[in-house]
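K.L.:
First, the structure itself, so that you have it in front of you.
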Amino acid sequence: MVSVIPKYSLASSSNGEKITIPLIGLGTAEYPFGSSSKSMKDIILQAIQIGYRHFDSASVYQSESPLGDAIEDAIKLGLIESRDDLFITSKLWCNAAHHDLVLPALQKTLKNLKLEYLDLYLIHFPVSVKSSETEFPVKKEDLVPIDINSVWEAMEECKKLGLVKSIGVSNFSIKKLELLLSKANILPAVNQVEMNPLWQQTKLREFCKEKGILITGYSPLGASGARWGSNRVMGCEVLKEIAQKKGKSIAQVCLRWVYEQGVSVVVKTFNKERMKENIDIFDWELSEEERHKISQLPQHKGYPGLEFIWDQGPYKAVEELWDDHI
């Protein structure tokens, strides 16, 4: 049986079309990037069979082409009726975060995905590099200041051209959002940021809610498999106790908590059983006491973004990249 994942309404498109985003998406980032590209297509097909309809990609992940192949196969196999049944997100990498490079980068992404449009296109980081390479980590000597307003203007143009239904950002602090909003004609639909019970992003969530920007949380389980991740979330005793009491997994407790905050979430697992488990969070809820315990957990940011910090670059300390949100 295919699970049905609830959806959230984003701001309507310019032609009045109502846009909805499934509240749980499957992440496709596997570090080192491209390491799972051979099996990625089958993983995505499996996820579609289980009920996932939102897939989160990025040019730097090297997952766009296998995702495109999977979409093509899913239609042929009758798993979905058309591409319109899916919500596809991708992201602009730092090497293309320059006004004149945004549209060519999106066109390349669409070519990789074999799609005519994206549902959501995000600026991956508030970072620009002068290299032509789509690489991570970036070379520090290539770091240059980002002109957020001119890059956003180019993102707006992509939306006006009908190549993307919604545009947004990722890893943006309140300060950087304020800068973008000061000149934006189209508001970001989404800000995708790290969020889990140990990094709750309360201030940023309040700001985004006030502005009508949906938060999408990444690393809801602490990204234990990532090069920067840790077992801090999955090893948390408070979460472990709640999970045992509820007869749920720690992952389910984390995902249910994120969902109860009124945001969407992207979670990455390539294991079939965990894929099923991660979307089995909608017919139960956390108690008032459990929510209170989670609200009291000590906060610790997982991803510091050290790859973008350089004493001769635009961000000389992590505090400058994330502003006061670290």
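Every residue gets a Cβ built from N, Cα and C, even glycine.
Sequence annotations record features per position, and here TrEMBL assigns domain 'NADP-dependent oxidoreductase' to 24-296. Among the features that TrEMBL reports, active site, proton donor is placed at Tyr61. Sequence annotations record features per position, and here TrEMBL assigns site 'Lowers pKa of active site Tyr' to Lys91. Taken from TrEMBL, the feature substrate binding site applies to His124.
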K.L.:
In whole Å, note down how far the CA of Lys91 (site 'Lowers pKa of active site Tyr') lies from the CA of the residue listed as 'active site, proton donor'.
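P.N.:
Counting only the Cα atoms, the answer is 9 Å.
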K.L.:
Please work out the mean pLDDT for the residues of the domain 'NADP-dependent oxidoreductase' (24-296).
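P.N.:
Result for the domain 'NADP-dependent oxidoreductase' (24-296): average pLDDT 94.
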K.L.:
If I take the alpha carbons of His124 (substrate binding site) and Lys91 (site 'Lowers pKa of active site Tyr'), what is the distance between them in whole Å?
P.N.:
5
K.L.:
Any same-chain residues 6+ apart from Lys91 (site 'Lowers pKa of active site Tyr') with CB under 8 Å of its CB? Would you list them in sequence order, or say none?
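P.N.:
Those within reach of Lys91 (site 'Lowers pKa of active site Tyr'), by Cβ under 8 Å and sequence separation of 6 or more, are Ser57, Ala58, Ser59, Val60, Tyr121, Leu122, Ile123, His124, Ser170.
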